[in-house]
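Straight from TrEMBL, the features:
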type     : residues : note
DOMAIN   : 218-411  : domain 'Peptidase M28'
DOMAIN   : 487-702  : domain 'Endoplasmic reticulum metallopeptidase 1/1-A TM'
DOMAIN   : 716-941  : domain 'Endoplasmic reticulum metallopeptidase 1-like C-terminal'
TRANSMEM : 102-119  : transmembrane segment
TRANSMEM : 451-472  : transmembrane segment
TRANSMEM : 484-512  : transmembrane segment
TRANSMEM : 524-548  : transmembrane segment
TRANSMEM : 560-582  : transmembrane segment
TRANSMEM : 588-607  : transmembrane segment
TRANSMEM : 614-640  : transmembrane segment
TRANSMEM : 660-682  : transmembrane segment
TRANSMEM : 689-709  : transmembrane segment
Amino acid sequence: MCPTNKAEDHRLVEQSNGDKCSLCCQANPSALHIAIWVARRRDFDPFPLTSKSPCRGGDYECSGIVHRLCSEKVSISCCGLLGFNSKYHIDVDFEVPKKLQWYYAPVFFAFWLCLYLSLVNTQINSMPKALMRSDEASHPNSFIAQRAEDTLIELTRIGPRVVGSAANEVATVDFLRAEVAKVEAEMSDRYEIEIDVQQASGAYMHWEMVNMYQGIQNVVVKLSERNSSNENFLLMNSHYDSVPGSPGAGDDGSMVVSMLEVMRVIAKAGEPLAHPIVFLFNGAEENPLQGSHAFITQHKWAKNCKALINLDSAGSGGREILFQSGPNHPWLMNYYRNVPHPFANTLGEEMFQAGIIPSDTDFRIFRDYGGVPGLDMAYIFNGFVYHTKYDRINAFPRASFQHTGDNVLSLARALANAPEMDDTAAHAEGHNIFYDFLGWFMIFYTETTSIIVNVVVSLLALLAIGISLYFMSVRSGCSWKGVLLRYAITIGMQLASLALAVGLALLVAVFMDGVNRSMTWFTSTWTIFGLYLAPIIFGMSILPALYLEKTKRDPLGLGFRIQLFMHSHCFWLIVIMVTLTGLSIRSAYLIMLCVLFDIVALIVNLVTKWHRKAYLFAIAVTVCQILPFVYFTYLCTAALLTLMPMQGRSGSSSNPDMVIAALVWLFSLMFAGFIVPLIMFFRKTRTIVLCFLGITILFIVIAVTNAGFPYKEKTSAQRYSLIHAHRRLHNADGTTRMDESGLYIYPQDRRIEIARDEIDSIGEVQRVSDTCDEEMFCGLPLYNHRWNKARKYSLWVPVPELPEIPAEYPSLILQDSSELESATRRRFTFSLSGPDHMGIFVNMKNDAKLVDWSFNDTLVREKAEPPYMVYFSYGLDNSSLEFTIDVEKTTSTFDTPTLEIGIGGHWVNQDITAIGRLSKYIDRFPSYAYIQGWVGTYETWYF
């Protein structure tokens, strides 16, 4: 079993300290031979230990040599670890963990890479086969992708569909009427269709601004069984309007045509429909969210809508994700779980609701103003073309129609026949935890169940770790106290490793931003591996590698010490899971899954006794980590594909690389936390780990060169919003203190300096924030609240040419100023006319206080501090806006200025290529930039 060299054996015996051990080894020569063999394999001297081992066997006491044998999992009867038949009998059962050669490490990493490429990368983009019109005969009750695609082609031929434009208010409404008529023509006799074109006016608070609308339109269609008396409806919503300059194929024309095709299939099939379905084609979502507010607060069918399917888009194609459910209606997930292609996650819901995703949907309006529970679904991939002129039909894959259509058709049929629809309030049971696995199946359970599961898994994990530590003590000969001390050290070291990992990733993010090279991953997504994943792996592994190297003479074997690092990582995950659960963060389920699969591996190792055998233990861990690795890299990829394009429109105030670095680190804790320690089984561990640092440096070098340029025309353009504006600011006596034209430039991402040379060539660049302390809302035509938030990083470039305004400037007329119940209060009555998009800015002067006004009264009730912003738009109804403002002055008279009112006019419906002066300035920008532009005015007066 082991080599024999008697001459060397006697020399070693003579070197031995302690006659009893020498006698033991002479009486039992296999013990000495084993010790020598172990020493040679592990490269340590078996005899330098002088302290006595606490173990005894028969009549003999063993010192250093047997102590070392125990640390190497060599079981000898005189150590008391196994029974023995006589005092001279030795029962040997051991494994000597020899490190694998370093050149196996690339194979180890290649295994995980191949797993990612072959499974995760394919499933994240997996699509069903798109059905063609020719397939309709064999699939009579199925969604036909080609039909939806053809309808979208016709819809996008109308062009950009902005609220107030003829394209949106006339052409698209006529188009939808015609499509519904086609459905009605081939509809089963079982059903009836009722269509209503709603016109509505109203107002509500949207974040910091009053959002006011006048004469906007919704096309509303109700499909029901003939003579149905059921008054509980299913609501489906999508919007047909688009942002200025965009054809809106993905956002949200794709969902509009999907709804039309779902309507056609249901109407033609003639199947039972217990509850009517209301198809809401929303005409004012981009304004924002005015159409949904108009419907849910004013339409005759709104009060009957008991559940919602909301369909929107933050990208163009791919798989639509369910990212909001309920709230408090888990029964909805019972039906979503049966869709053919599930793609849903609680994490997306919490990221969205926390504001990490810079967007909003009609789902919130239906929830907050109508109390309607539902499912919120949207496209999230290829967000690079979202809200640009590149959002065209050719950027939208046909298979995406099939994916969405299959799911929505299945949901519509199920929910329209769901018994819960008759009394949804009776089924309100709290929040859900929901997630899919690679689009294969859904898992969901209630928040209460999640808390119980998280607590049970935490307790089981702690118990399993305790048992494992106990067996380490028994098998190694180390005392229980010694094992606990080592575990405490590795817990601290693991925390330091995780902190180092995130610190290095954030350091790279800060460095890239500091040298004006952020967002290099915007086009070249592969750079994320080297810039952020590589330093994270380095940070997670370098300290354990150095520690294990420094403690290689530790009596606790290498296999056990590596297990301690895994147990330490599990400990910190348990701490995170318990904390998140305590904070009611449902995404704690992610950490629970990490802990669960680690504990499964540990239990397998304990039951099979593989924890004693280093490589069998490692194999068990590897096998049990395959599913979590696949799942968490799948989630990480989906999150990156969603968030990376969004960083191109998230503004300039924050470093987007910090977001990406933090995201990669968080997912690395989950998919790499239990894999990284396995690196320690390879020889030259420190060199292997340092390779990740080298990869990081290499990628930084690549990123700061032209190879790391972030933008690409059409597919990943840099975004700017631009207004060629004329502003006139008046004094209290009616004179003009400022009259100039210029370009208001709103950069939408961090790299605001990258096109600075081109912008500087236009004129003298000023920061908008330079005048914000002197003028109300900086004295410029801020388009909405996002522009107000971004004013610190926005630019104003004076130019000599006036904008080509296509109509009269906005007109604000003071119709009346009358005293109210006392001399200290006065009502000002105004009339406003102008373009279909205007901003109304109101400030109080000379200690005046806002008492009331005819706008939404939220700011009055909350006693908000001035100045105030009102976003106003209209559709078909272009009549003048009449409004009143009631003011109180107790320390001065109304002979001094009381109100300052500014009016911003925005002509957003024009074709900018037909505006010569504006086009000339836009052409100055680089080819990789996308400019969303229009002409505007801003004028202020004192009253």
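Placed from the backbone N, Cα and C atoms, the Cβ positions cover glycine too.
Remember, TrEMBL labels are computer predictions, not curated facts.
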Surrounding residues of the transmembrane segment (524-548) on its own chain - C-beta under 8 Å, 6+ positions past either end: 489-490, 493-494, 496-498, 500-505, 507-509, 512, 558, 561-562, 565, 640, 644, 657, 660-661, 664-665, 668, 672-673, 676-677, 679-680, 685-686, 689-690, 692-693, 695-696, 698-700, 702-703, 707-708, 710
Beyond the flanks of the transmembrane segment (102-119) by at least 6 residues, Cβ under 8 Å: 438, 626, 629-630, 633, 675, 678-679, 682-684, 687-688
Per Cβ pairs under 8 Å, the stretch of 451-472, 660-682, 689-709 packing most closely against the transmembrane segment (614-640): 660-682
Positions whose Cβ lies under 8 angstroms from the transmembrane segment (451-472), at least six residues beyond its ends: 445, 478, 480, 483-484, 487, 556, 560, 563-564, 567, 570-571, 574, 577-578, 581, 588-589, 592, 595-596, 598-599, 602-603, 605-606, 611-612
